[in-house]
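The Cu cation binding site feature in Swiss-Prot is assigned to His117, Cys170, His175, Met180. Sequence annotations record features per position, and here Swiss-Prot assigns domain 'Plastocyanin-like' to 85-187. Swiss-Prot lists 1-32 with the feature signal peptide.
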Amino acid sequence: MYTQNTMKKNWYVTVGAAAALAATVGMGTAMAGTLDTTWKEATLPQVKAMLEKDTGKVSGDTVTYSGKTVHVVAAAVLPGFPFPSFEVHDKKNPTLEIPAGATVDVTFINTNKGFGHSFDITKKGPPYAVMPVIDPIVAGTGFSPVPKDGKFGYTDFTWHPTAGTYYYVCQIPGHAATGMFGKIVVK
């Protein structure tokens, strides 16, 4: 008889196997887009300085932005956070509230030394399949390189949203299915 813990363990094994298979046949890159050559490298002190540039204010599990130009800084799997997840202002997968009509400058940092990640924006909400098909409206970052040599990868993009509800999602197989996504409310 399966217990809840056994079923959960089997589910994670299945997700992991699917992700490994997808990576083996090249589907991980296909799901997240092509390897983006705009990625740059940063040291840990540089990453810490970038994280400080986020212009949002935290209230509970929400980060609220104001003004005509906002700067969102999201990181993939900072130390002390569960894998896989995004962190903004030391919050795991927070809801981001952004004013309609604002220019949104996004910096996405991959600090996870074991995996590449993506930060894509879509209208499709959860739940997400192991192999997500989300039709991103902003294929934000492409597929990140895996950090190496004591450095981390980061990239920037700009988004001009209209009012509505969106989601930021990692399209690497298995990541969104296990919780690597968050909500964006533009109003």
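Just so you know, glycine gets a Cβ as well, placed from its N, Cα and C.
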Cβ-centroid neighbours of Cu cation site His117, Cys170, His175, Met180, 8 Å, sequence order: Ala76, Pro84, Ser85, Phe86, Phe115, Ser118, Val169, Gln171, Ile172, Ala176, Phe181
Stretch-averaged pLDDT - the domain 'Plastocyanin-like' (85-187): 90
Greatest C-beta neighbour count within 10 angstroms, which of the binding-site residues Cys170, Met180: Cys170
DSSP-assigned states of the domain 'Plastocyanin-like' (85-187) in counts, ordered helix, strand, coil: 3 helix, 42 strand, 58 coil
Least surrounded among the binding-site residues, given as His117, His175, when other CB atoms within 10 Å are counted: His117
